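Features of the protein shown, as given by TrEMBL:
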TRANSMEM  B:31-52  transmembrane segment
TRANSMEM  B:58-80  transmembrane segment
TRANSMEM  B:92-114  transmembrane segment
TRANSMEM  B:120-142  transmembrane segment
TRANSMEM  B:149-168  transmembrane segment
TRANSMEM  B:188-210  transmembrane segment
TRANSMEM  B:237-256  transmembrane segment
TRANSMEM  B:268-286  transmembrane segment
TRANSMEM  B:293-315  transmembrane segment
TRANSMEM  B:321-339  transmembrane segment
Amino acid sequence: MSSEQPPVVTATHITKRFGSTVALADSGIVVRPGETHALVGRNGAGKSTLVGILTGLQAPDEGTVAFHGRPSPPLSDRDAWRSLVACVYQKSTIIPELTVAENLFLNRHTRGPGRLIQWGALRRDAERLLAEWSVDVDPRQPASTLSVEQRQFVEIARALSFGARFIILDEPTAQLDAAGIDRLFARLRNLREQGVTLLFISHHLQEIYQICDQVTVLRDARHIVTTAVAALGRQALVSAMTGEDVHLPTAPRGRRPADAPVLLSVQGLVTRSGAEISLEALAGEVVGIAGGGSSGKVEVAEAIVGLARPAAGTVTVDGRRLRPGDVPDALDAGVGLVPRDRHREGFVPMLTIAENVTMTVPGRIRRRGLLSPARRDALARQAIADLAIKSDSPQVPVAELSGGNQQKVVMGRALAGDPKLLVLITPTAGVDVRSKQTLLGVVEQVRQRGSTVLIVSDELDDLRICDRVLVMVQGRVVAEKVSGWSDNELVATMEGVDLDHV
Amino acid sequence: MSDPLSTGTIDPPAPAAATPRRAPAVARLRNLALVPAIIVVAVVGFVVNPVFLSSDNVINVLQSMSEISIVVLAETIVLVTGKMDLSLESTFGLAPGIAAWLIVDPAVTHGLGLHVLPPVFAVPVVLAVGALVGAFNGLLVVRFGLNGFIVTLGMLIVLRGLLTGISGGKTFFALPESMTYLGSAEWFGVPASVWLSLLLFAAGIVVLGYTRPGRALYAIGGNVDAARAAGIRTDRILWLTLVIAGTLAALAGLLISGRLAAVPAAQGNGAIFQVFAAAVIGGVSLNGGKGTLFGAFTGVLLLFMIINVLTLGGVPAQWTNFLNGAVILVALVVSRVTGGKAQT
């Protein structure tokens, strides 16, 4: 490739070790001006380490980093780094207790005589900065009131205000709904037109095809390939990431257990937020509930499993009516749950895999009235084997696992009680493609055992394994799609557009 | 009004920010959350005993709280960074204790003291002891990354024991004038300790609200990684905060020793609970990143006003502790109701 301008960043022969672990082995990346470059790889491929090195938070053990053809500044010169590159991390670097304006100018507040901060001038600077990048946020509001989307825009504006025209986005879409992702992409395209170079990290491959023009694949700490996105098919990209072919499962069209009994019956359920749903699901059936961020899909799922107390309606599992808003009762009735946010509700990070997996089923690991460590470990080993959790022993704290393996532990916990009804809320959020394959593969096994599975998600890969998908918009079920739908059709319905009637 | 911005461009119409939202005004009001409660207590106090609002009594209240309020100031800046320092109450006793130990003449005090330093060194020694204790806390908490609660709990016990050891469990008295001056002098008819505490709070409010290091405390308490990413030298600031807090606690101890013209071995014993209560009632979060010095000041003022009202109302002193605790709990509930958010 010939280009008169030197690359924005050139990282070559980068090796980085953490103790005995090699995070990057002779890896690297070249990003050219004006492009939107995707960095992909499975969990543990070295993406985060590479980002750490590109942003000057870590020094490579070997190899060099150059910006615009010049060697990178010393690690201690934060200001120099910030004027070259900025990263919007998955974990927020916004301080919730402070106002948006102060967050934008943290540690570089506008000062007047006596080196005292001038809050008025600071606020006006913030207003100007936000207006310049058309971010519709009041600088006076506390940052804690920002939505995920607004927070990202504020972080992007802050990064640009340091003069950096190269921005790394670490899984920016992980917590956004479909509409939010569209707005983010529109903004990113805008930035690109204004000459900003982007490095985009995502687990969602279709997003890479939507927004990126170059892609770099890392695998097992090594650089595998850098090429134009258009030149690399989806299947080829997945193989480059995994080193083998991965096929995500899909439900066969029109498979519906004919004479199976109704296992889950939800009648006139109304959540506190006003979302409504009624549904019946058969034993051995996989039902999806799809919808955008404000569709109410998560709320109805939480009401079904008892995490939230519904305003009205009943839930019956295998003939037993669940007590509203009562999780222990739901567990007792044979409900297994993978909650929306694994960090918040899914597991206890300091406890071991064994303790987490068996948390909901103390009865099954009891022996003469006391918990039996042997039985607990046996059950946990089973889960580790079934779900291909990457861990040497059940005694490893969950905090030490990668995101995909943590989610498998949460799935293991949901399965520990051999549930009749398995409810999965966004089960593959933020996990790599291989873990996704395992997690979705488990659903098929559960289904074959005669259980009902409810998948609540807006992720098409999750919904493809459903026998039918209920689509919710603004708290109502607006459509039911039997498997075999096209991606466009389902997305359009989730966005409230019916392609059949346009 | 001049535009201090250097860009020279005229403000864009800023279509986005055209409609300001009301949230910040409410946030500012939270600092004043205790003001209604203070007014109510003042009115009740006046009804109980009209002496309550006399200038003598007001000065009396301000003086009685001046020393503790400086410790509250010290604790507040530590709490804002998300750490805590329990050892302040022992520094409060130990710092003047060490100075007295080095200075007082054993011939006068039945064997207490070393009489190795001239009295002019009293104030520098007191402040140096406070700074050293803070620096040592910083070494353990910041440098070695130990848990601040446990470290400073250990320090609380060690320092208390050290004071008991050097004093033999007795009270230092016959203090030099250099030690008693600040605690007993009057400037313009008001005790010097009142001036000092008010001045320190005023200075603290300016530093925390209007300087970069002050705002760095909030950034560190709110999200330490984000603060570091913004180029704040978080370790240095934390260390400095602990040193300043120790120094302030030492100064507060000097004031009360001066007022009482003595350093009992138990000086400050148990005071840390009242200090925490005042800070939390005043809206300072134990989780860091939230709270103002003005709020902390209203917290300590409210506590001491209530104690004063109870005294004027003739409540027996034996009940003071019970009522103190009850006041703390009630104040927490009241601030939960008026502030809308739980104090954490």
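Any Cβ shown, glycine's included, is placed from N, Cα and C.
Note that the structure is a prediction, hence the values are computed from the model and not measured.
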Outside the transmembrane segment (B:120-142), six or more residues from its ends: residues with CB under 8 Å to it: 83, 85, 87, 91, 94-96, 98-99, 102-103, 148, 151-152, 155, 159, 175-176, 178-179, 182, 235, 238-239, 242-251, 253-254
Cβ pairs under 8 Å between the transmembrane segment (B:293-315) and the transmembrane segment (B:92-114), at least three: no
Segment proximity, the transmembrane segment (B:188-210) to the transmembrane segment (B:268-286), 3 or more C-beta pairs under 8 Å: no
Positions whose Cβ lies under 8 angstroms from the transmembrane segment (B:237-256), at least six residues beyond its ends: 66-68, 70-71, 73-75, 77-78, 81, 83, 85, 87-89, 91-97, 99, 122-123, 126-127, 129-135, 137-138, 141-143, 179, 182-183, 193, 196, 200, 213, 216-217, 220, 263, 267-268
Contacting positions for the transmembrane segment (B:149-168) when only residues 6+ beyond its ends and CB under 8 Å are counted: 84-91, 93-94, 97-98, 101, 112, 133, 136-137, 140-141, 263, 265, 267, 269, 272
Residues from the same chain, set at least six apart from the ends of the transmembrane segment (B:188-210), whose C-beta lies under 8 A from its own: 59, 62-63, 65-67, 69-70, 73, 76-77, 80, 181-182, 217-218, 248, 251, 255, 258-259, 292-294, 297
